[in-house]
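Scroll down for the structure; my scribbles are underneath it.
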């Protein structure tokens, strides 16, 4: 018992019968696997009971008949009377004890009507295994293979430890049909049937001196097919008893529970074959075999000396070999879905997948994470799925080499050698192969894909000895342990889920594809019940659903419509973007118009924003002149940071530098510039001192303030903005903006109004009440601090007592600001308590969490030029890295704006907003390859959703915003002599016709010759008049040129320059001037080269189909 428990057991499904399998070790056993439900078993038991009851009744009936016969002998005198009584009694007994009456009596209680199961119904089907037959003639077996021939479904080949290969069957009288005997006794390691030529059997043996280890046998299968007709007729009772030994395998099936009552009838003569038809692999052990289904003459051999060899049995001298592993090749198998893909294993932990078309390197290396692999096998029903089990392991691992998993690139684990030569492996061959291995190892350094994580792992209760895939069921596998436990394993693969572009969901299970509902309403609770919660626990809609809804609503490149859709878009950042796009072009245009009307003075004591108050101290600073050296360094640092940032964001774009240069060149024309580009331009700043704070003013700063919403003037006073913020409930921001403009009285009024307006709060819960109290307390505290502010606190002319009081007030404000939660209130007190120095204010605004537009406007007002550029630069880089749409305030729709949108797409996947926004400037002002890719992706997305109208609007708007470029001509008419074009814009000034010019000013003239070489043009084949060419006249030259002071000819739109060629060939007026009526166009056949005027040719072919040229049979109109 102990020996059998440690001996390796083999298991294999039948390729012919889906419910049969064999288990081999010391004997060979045939099993039947099926599903059986509880009702069926119960009915069979009842039927068996009724049959047994019928048999008992029949025996009783026979005993009664014998007693009646004895009574007839004793009562001979009354035979007639007794016979009559006997007949009556037999008739009564027959009516009572007949099988029909017994069956009907006991079977009428069983109801086989179909009943609907209840809601809590659980299926009662059970998996059962039946032992069908035992063949004890096969002993000491090491390998086995089921014959693939359909004509004999029970023929099995077994390899023994003695080296013999025997053919056995469960349906023949002689259990051992044939024996294949090698010359030398040695262990049989592998056996494999040819899948096409089923009479050929390959056997792999251990090595022996002077003999081959790979033998190809011809079993003469045609003579053995008659053995199927000799059935074993005397073992029916035995088989019927074995069929009753059924065990439920919800727990693993144990072989030791089966009785060892086996039989052997090998008394008949057995055919023996001693001569194989082919022999390979000398002086090497053959450990693995596999035939190629697509080429039945080729055999894969895994040897004990690290080699994987491919033989053609038709030519023993031709072979191809590769050093597959560092140790012996213990297993090889061919993928049933791709015959060029094979897998090999060794004594180490690696499985290698090869392509037979290129055996230089393996395709994939699978790291099984075990010391040694015992068995591998491809799944016959799922492509690319490979199963493996380690030695002395209780787990089976599945590897899906086609699954979308992450492959890790790793260097080669070993040298791979490829050789082509004879089948032997002598010393010369080994030396050559070693040389080839060294050279290949030096030249080949490419990494190989490695898989180390299995897609699924099945853990068994015992160490697995062998496993076998089911031939048709993709989820079923059989395993057998060393102790004889058979387990039916269900390996359900992971369910893949896929979203459709229309929002539906689809998933698959096995061969079935299930699609969820795509229509219907989603049931949601009342949103009002959760309005007071910060997070109501519901996920937001997928970004694809949002993009589709916005496209249907009319979200496009139309700025006005997008602003009207603000409520439907319901995104603060997106709404900010489109409002900025709406107002920035108007503000920049107004700024340029005002700048062109006002001449720039050398020194000015006024600012573009208005006159300075008499009490203010004013000083004029000309930026980029007095501080030229410092500003140069700042600009150089900015350019270096820009280049580094662009290179990081555009690693795959080879034209980044060109794009950036084009972007810089078009900044002046781009109406969507950001604050960053505005501030780095040359500017004249004036300094004003007010309430102890230094205020910087300049035209560029005023433009930035206007873009940020701080451009207050007579038409838009500060009071209007503060009133609007108060109505919207933004009291903290309103008070802060009033403080930043040093209007302390108005800030105190805002705080006073806030304490009255936030008191009647509608929130009735406890949390809302506490928030209201905290807000009210913070505002009252701010009003107290504002009341103590003295505008002269920062002046240097104050006495010591005032300075001491102001210092105490400042320290108190700084400590109070730390307790504020609202960033605006905190920044207010820190600003008032500062020393009015640019560096001090820089540190305050840098750490502030107020809105970006207010932060930039505040810095433009109180920071000097160097601190301002540095601050804007740092914030520009920050918003680009975060992909914050509000950062377009700094970057604008420029090259850096594309970088910002790229990070925005990576963060939110909202490619729709990026495409629509950037389409306003690309390719109108500059080009970027990323924008082209985004547009293509968004267009494909609209096509998938079948939003054809929205796609058409996108194409139209994109084309309108782009540069008008006429399509390149596809057909050129040129002279047959000089090969120059007849195009109107290509004609030089020397070809202008002047001798036949009329007094009436014309811009074009017809000439019957080439304007370049003066050769005659061909004639029309119908009217026989020469074809004409359009050339410009002298009047055209005079009307399209302007004489400069130097006497040179300066060409205007559509004119002729000094070099003699016409300028601006894209001008529409020029094309209309140079065009010729369609009836005079050149028209010719591409086959016979005959032609003429277009109108003449059209008129001819209305009634004819053959060329008008005599002796030409070309059917020009039918081409």
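Residue 1 is the first one shown; counting continues down the chain.
Placed from the backbone N, Cα and C atoms, the Cβ positions cover glycine too.
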1093, 1096 show up in Swiss-Prot as binding Zn(2+) 2; which entry in 1023, 1029, 1114, 1116 does that record put in the same site?
1023
Given the ranges 41-60, 61-80, 81-100, which one is assigned the annotation region 'Disordered' in Swiss-Prot?
41-60
Swiss-Prot annotation (region 'Disordered') - matching range among 327-369, 370-412, 413-455
413-455
Neighbour count, 10 Å Cβ-Cβ cut-off, for residue 978 (Zn(2+) 1 binding site): what number do you get?
13
Lowest 10 Å Cβ neighbour count of the binding-site residues 975, 1013, 1107, 1116 is held by 1013
Hey, which of 127-169, 183-227, 281-321, 324-364, 368-409 has the most Cβ-Cβ pairs under 8 Å against the repeat 'WD 7' (459-499)?
368-409
Nearest by Cα to residue 1088 (Zn(2+) 3 binding site), of the binding-site residues 978, 1013, 1023, 1107, is 1107
Environment of 1023, 1093, 1096, the listed Zn(2+) 2 site - residues of the same chain whose CB lies within 8 A of the CB centroid:
1020, 1022, 1025, 1092, 1095, 1097
If H, G and I count as helix, E and B as strand, and all else as coil, what does DSSP give for residue 1096 (Zn(2+) 2 binding site)?
helix
Of the binding-site residues 975, 1010, 1085, 1096, which one sits closest to residue 1112 (Zn(2+) 4 binding site) when you measure Cα to Cα?
1085
Let me know the DSSP-derived helix, strand or coil state of residue 1013 (Zn(2+) 1 binding site), please.
coil
Counting distance between Cα atoms, which of the binding-site residues 975, 978, 1010, 1013 is nearest residue 1107 (Zn(2+) 4 binding site)?
975
Please list residues from the chain of residue 1090 (Zn(2+) 4 binding site) whose Cβ is under 8 angstroms from its Cβ, counting only those at least six apart in sequence.
1021, 1084, 1107, 1108, 1109, 1112, 1114, 1116
Between C-alpha atoms, which of these binding-site residues comes nearest to residue 1093 (Zn(2+) 2 binding site): 975, 978, 1010, 1013, 1085?
1085
